[in-house]
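Following: one structure in structure tokens, then a few remarks.
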Amino acid sequence: MGERINIPMVDRARDAMIAISFLWVVFGFVVAGRVVARHRGIGLGLDDVLAVAAFCLTGTTIGFNAAVFSSGVGHDMVPDSPLFPTLMNNLEFMMKITFIFTIVYVWALFALKMSQLWFYLRAFSVHLKVWIWIVSGICIAWAIIFTFVLTFLCDPIEQQWTLMRIGKCMDQILVLKCVIMTNILTDLMIIVLPMRTVWSLQMRTTEKVAVASCFAIGLACVVIGLVRFGEIFVIDMIGNFTGTSFTTFMLCSIELMLAGICINIPMLRPFYTRWRKKYKSSADNSGYADPSTGQGARSGKATPLPSVKGNYNAWIELEDDKDRDSDSNNDGCSERKLTTSTAARPDPEVGSPTEPSAIHVSTKWTITRD
């Protein structure tokens with residue numbers, strides 16, 4: 001193989017690079033918001049570290065796409081084409097990038113899966129601990145097994161990218177099909193895992209649907225996986241690799257970006273809660289009375305992000321106790337049922353239960369059932 005020669009990207013490759021880069025920027029903003037919200041709320045955990053690791057691994061796929069797109073992916077390998085000699089010269093380089101890409105792809109998916117599962121462990125450990133560990137074990141085995149298989153697909157390993165016949169290989173397309181289908185199955189396991197627990201929470205049906213939808217948006221990645229499974233049948237590894245692999249390269253990166261966005265968006269809830277309270281305060285200051293007290297407008301001061309560090313059984317970052325009590329006639333009431341366990345305690349001075357405004361909130365946050 002000679003030195004790699006740069007080939008101008010086709011229009012669709014350039015458009016794909018713009019779309020992938022945009023999604024990665026969105027992914028970055030969402031992860032940054034997650035880290036800030038967790039730092040100010042219940043504190044950072046392993047799920048947050050894994051989310052950041054997945055973001056970094058996913059970013060490398062942009063470089064891989066740029067490398068193969070500028071080396072000829074997107075151009076058909078037609079023998080009488082003037083680009084054919086250049087494509088053949090670059091083919092070994094593109095196969096090396098493909099080898100590295102598949103390994104990074106597996107571990108980026110693994111980091112995303114484990115980030116979500118570790119979040120489940122923090123949130124639903126009382127009810128789903130055993131199932132979470134089982135699915136985690138499956139994901140760990142999945143990543144290790146396919147890393148081993150993809151690495152030693154050929155004997156010797158360099159047969160995966162060299163154009164010379166120096167060894168033998170397993171069916172690479174069959175292995176990639178197995179990677180895609182098992183990835184879809186583990187994604188479905190992770191999506192379904194918390195649904196029964198969510199549906200048993202003390203919430204209005206509309207809220208249950210909203211919470212379940214947060215976890216179910218990962219179905220978009222399942223759809224992409226199914227599309228990729230169909231595209232695998234199109235790839236011609238021998239006769240026209242550059243002309244048939246473009247969609248697969250693009251969808252691999254898009255799948256990672258969307259998966260990262262999907263699992264991190266629910267963690268931005270503290271910002272939504274803060275915005276909702278600020279908006280409500282603004283509405284109150286416009287002349288609306290507080291329906292729970294009959295009093296006039298309340299202060300428009302923005303509510304800071306809650307701080308409940310150390311309570312790892314929290315479902316998602318919680319509102320302050322005062323804020324939850326003040327929202328007793330809206331979503332805050334059902335949220336309190338979702339995330340906290342409250343009980344009136346006797347007043348040590350008068351020997352009677354305290355008034356609702358003085359109810360003590362347990363320091364152990366749990367999910368209650370109907």
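In case you wondered, yes, glycine gets a Cβ from its N, Cα and C as well.
What TrEMBL records for this protein:
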type: TRANSMEM; residues: 16-37; note: transmembrane segment
type: DOMAIN; residues: 34-273; note: domain 'Rhodopsin'
type: TRANSMEM; residues: 49-73; note: transmembrane segment
type: TRANSMEM; residues: 93-110; note: transmembrane segment
type: TRANSMEM; residues: 130-153; note: transmembrane segment
type: TRANSMEM; residues: 173-197; note: transmembrane segment
type: TRANSMEM; residues: 209-227; note: transmembrane segment
type: TRANSMEM; residues: 247-268; note: transmembrane segment
type: REGION; residues: 282-370; note: region 'Disordered'
type: COMPBIAS; residues: 321-338; note: compositional bias 'Basic and acidic residues'
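Listed as Cβ neighbours of the transmembrane segment (130-153) (distance under 8 Å, sequence separation of 6 or more from its ends, same chain) are residues 99, 102-103, 106-107, 109-110, 113-114, 117, 120-121, 124, 160, 169-170, 172, 175, 178-179, 182-183, 186, 189-190, 193. Each residue in the domain 'Rhodopsin' (34-273) has a pLDDT score, and their mean in this model is 88.
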